[in-house]
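Have a look at the structure below, then the notes.
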Amino acid sequence: MLEEDMEVAIKMVVVGNGAVGKSSMIQRYCKGIFTKDYKKTIGVDFLERQIQVNDEDVRLMLWDTAGQEEFDAITKAYYRGAQACVLVFSTTDRESFEAISSWREKVVAEVGDIPTALVQNKIDLLDDSCIKNEEAEGLAKRLKLRFYRTSVKEDLNVSEVFKYLAEKHLQKLKQQITEDPEQTHSSSNKIGVFNASVGSHLGQNSSSLNGGDVINLRPNKQRTKRTRNPFSSCSVP
């Protein structure tokens, strides 16, 4: 375990074409709500949720990035400092599927090879699917990413995506601490550890995340009851 007065904070970016369900996914996970109304994200939005992963308190800071090309310069700037990534495409949007490799390259160019999950959203619309199962699974294998099929509408596998990424980051964090214990106390460290006793971040300052056009909505910390999902994830060995 980490030190008792330390809190892990993980910056996750949710990336993909417009209208694939990125905003809805974050709203569902952080606030437990779903709306059919589509509102284009202007630049970047931000929500957070506090969870426990393997008995560790973890704060997930979820960044919803615009999928339109006109916002590309803005969203790329917000990739910096990200410690995990969700790549999302829609079951009913072939173009969003074909764009995944490009989105992946943009993220890697800014932050390197961080824990990443590939998500096929809107599986409640499988009857209208534009992507074959083997195509989606093949893409995950080529990119060497954990693959999930989700339905934000039905709340299927949404929590599993973020939990997986949190676990992967914690593994990386603990490995870094083992290799260099002093790293968690360095003001230049960027692995996302907060000193809970004084509320200070030892990497990227949380107050700096809320400037400019970012909307900082703090969700109710009430936890929602987990439901058993009939769809399982597909992982790459």
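The count begins at 1 with the first shown residue.
Using the three backbone atoms N, Cα and C, a Cβ is placed for every residue, glycine included.
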Item checked: 65-84, 125-144, 145-164, 185-204 - the range that Swiss-Prot marks as motif 'Switch 2' -> 65-84
Margin query: For the annotation motif 'Switch 1' in Swiss-Prot, which listed range does it cover: 28-46, 104-122, 218-236?
Written below: 28-46
Note to self: Through the lens of DSSP with three states only, how would you label LYS122 (GDP binding site)?
What the structure shows: coil
Item checked: Alpha-carbon distance [SER23 (Mg(2+) binding site); LYS122 (GDP binding site)] in Å -> 13
Next item on the list: Among the binding-site residues SER23, ASP64, VAL152, report those whose Cα falls within 10 Å of that of ASN121 (GTP binding site); none is a fine answer.
Entry: VAL152
Margin query: Using only C-alpha positions, which one of ALA19, LYS22, SER24, VAL152 is spatially nearest ASP64 (Mg(2+) binding site)? These are the binding-site residues in the record.
Written below: LYS22
Next item on the list: Would you mind checking how many other C-beta atoms are within 10 angstroms of the C-beta on LYS122 (GDP binding site)?
Entry: 25
Check: Out of SER23, ASN121, which of the binding-site residues has the smallest number of neighbouring Cβ atoms within 10 Å?
Finding: SER23
